[in-house]
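Visitor: Before anything else, here's the structure in question.
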Amino acid sequence: MPPQKVCVVGSGNWGSAIAKIVGFNAEEKPELFDREVRMWVFEEKVNGRNLTEIINTDHENVKYLKGIKLPQKVVAVPDVLEAAKAADIFIFVLPHQFVRGICEKLKGNIKSTAVAVTLIKGFEVAEGGGIRLISDVIRSILNIPVAALMGANIANEVAQENYCEATIGCRDMALGQKLKAVFQTKYFRIVCVQDEITVEVCGALKNVVATAAGFTDGLGFGDNTKAAVIRLGLMEMIKFCEVFYPGSKLETFFESCGIADLITTCYGGRNRKVAEAFAKTGKPLLQLEKEMLDGQKLQGVPTAAEINYMLKAKKMEERFPLFTAVHKICLGELKVDKMLDCLRNHPEHM
Ligand SMILES: NC(=O)c1ccc[n+]([C@@H]2O[C@H](COP(=O)([O-])OP(=O)(O)OC[C@H]3O[C@@H](n4cnc5c(N)ncnc54)[C@H](O)[C@@H]3O)[C@@H](O)[C@H]2O)c1
Ligand SMILES: O=P(O)(O)OC[C@H](O)CO
């Protein structure tokens, strides 16, 4: 097989960190991968210059991953069709609210033999009271196989080459191994499992739990309370998979995509940080996102709304009180200090 062309679709905080890894592996394994890795960049001006021009000249995404050098062969491209040209492997890594629009642009313009992996955490609401996996959105529009990579991966720490792990969920193990070669480095270790839906669902749901952890942090509670949030959140994640994705395996929750991601995100993630500020200041979450994240996007708030859309339609809100409370607090329907009532009266204690 000729060296495969890899295209990274997205260039935010995680998109840029992952481009560093993929660019490194492309240089290290020329027999497997084309040395040039194209990265689609949503063009914007930074200090009067185009972000793509900055990345291609200075080899740094100064807006979303400051202080980290990207490999020279990672090429920033503002036109998604140009970025995707002749690509064999697509890595989708952008805030989940933008994925459908990008896939619609790519539709009919990619190789029919291409494969994809999503690193995106979130869902899409489906008419009629359901939700769709992001992998399903990509698969249904582009008609190519789509795996998922999720894990305890705070982008800045990964970019600094601190040891961590990730999980690839892929029903087709041969494809899983091919994707592992794209990502694995000395400091970024990958385990492949076949339970791809659970891998992806864990990645999305943990952002809602992290938002709850931020609320209790902001209310002034300590580590014991946060441990309770993590435990009850994990129980709801497991129940969510049992109810909506039968066939999910409990052991997947012990992979990096499960408990490990939940822990890291409830301590070091952006969702936690902004939710803490919300509980402390009472400022709207959207305002805090703008003030604190400089263009990076929170995924916990929309994800809580997406799952609530389904839980409400199926009259199951009470079975998932933590998920439900987070959504109602984000909406302003519930005061943030009611988070504690939700934990205190959780069905796990009845
Ligand atoms: N950052 C992390 O630590 C991390 C780690 C693991 C997974 N993830 C997940 O990866 C996904 C991408 O996260 P990220 O951190 O790379 O992004 P981010 O939060 O840094 O988001 C900013 C990106 O969104 C782009 N953007 C803004 N408006 C847009 C539009 N209208 N259309 C398309 N793109 C637009 C920006 O150009 C920028 O590239 C998310 O689902 C996130 O949950 C993030
Ligand atoms: O910063 P967050 O809250 O979006 O979380 C980052 C990653 O998902 C952690 O794996």
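Any Cβ shown, glycine's included, is placed from N, Cα and C.
TrEMBL does not curate its annotations; it predicts them automatically.
Feature table excerpt (TrEMBL):
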type     : residues                                                                               : note
ACT_SITE : Lys206                                                                                 : active site, proton acceptor
BINDING  : Gly10, Ser11, Gly12, Asn13, Trp14, Gly15, Phe42, Phe98, Ala155, Arg270, Lys297, Gln299 : NAD(+) binding site
BINDING  : Lys121, Arg270, Asn271                                                                 : substrate binding site
DOMAIN   : 5-174                                                                                  : domain 'Glycerol-3-phosphate dehydrogenase NAD-dependent N-terminal'
DOMAIN   : 195-340                                                                                : domain 'Glycerol-3-phosphate dehydrogenase NAD-dependent C-terminal'
Visitor: Taking ligand 1 as the reference, state which of the recorded positions Phe42, Lys206, Lys297 have a Cβ closer than 6 Å to one of its atoms.
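Guide: Among the recorded positions listed, those whose Cβ sits under 6 Å from ligand 1 are Phe42, Lys297.
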Visitor: Near Asn271 (substrate binding site), meaning Cα within 10 Å, which of Gly10, Trp14, Phe42, Ala155, Lys297 (binding-site residues)?
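Guide: Passing the 10 Å Cα cut: Lys297.
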Visitor: Once the DSSP letters are reduced so that anything not helix or strand counts as coil, what is Ala155 (NAD(+) binding site)?
Guide: helix
Visitor: Can you tell me how far the Cα of Lys206 (active site, proton acceptor) sits from the Cα of Ala155 (NAD(+) binding site), in Å?
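Guide: Cα-Cα distance, Lys206 (active site, proton acceptor) to Ala155 (NAD(+) binding site): 16 Å.
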Visitor: Where the criterion is a Cβ under 6 Å from an atom of ligand 2, which of the binding-site residues Gly10, Trp14, Arg270, Asn271 meet it?
Guide: Arg270, Asn271
Visitor: Among the recorded positions Lys121, Lys206, Arg270, Lys297, which residue has the largest number of other Cβ atoms within 10 Å of its own Cβ?
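Guide: Neighbour-count leader: Lys206.
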Visitor: Mind telling me which of the binding-site residues Gly10, Gly12 has the densest Cβ neighbourhood, counting other Cβ atoms within 10 Å?
Guide: Gly10
Visitor: If you count Cβ atoms within 10 Å of the Cβ of Asn271 (substrate binding site), leaving out that atom itself, what do you get?
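Guide: The Cβ of Asn271 (substrate binding site) has 28 Cβ neighbours within 10 Å.
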Visitor: Looking only at DSSP and grouping its letters into three states, which state does Lys121 (substrate binding site) belong to?
Guide: coil
Visitor: Cβ within 8 Å of the substrate site's Cβ centroid: which residues qualify beyond Lys121, Arg270, Asn271?
Guide: Asn207, Ala210, Thr265, Gly269, Arg272, Leu298, Gln299, Gly300
Visitor: Between the binding-site residues Trp14, Phe42, where is the Cβ count within 10 Å the lowest?
Guide: Phe42
Visitor: Over all pairs within Gly10, Ser11, Gly12, Asn13, Trp14, Gly15, Phe42, Phe98, Ala155, Arg270, Lys297, Gln299, the annotated NAD(+) binders, what is the largest Cα to Cα distance, rounded to whole Å?
Guide: 21
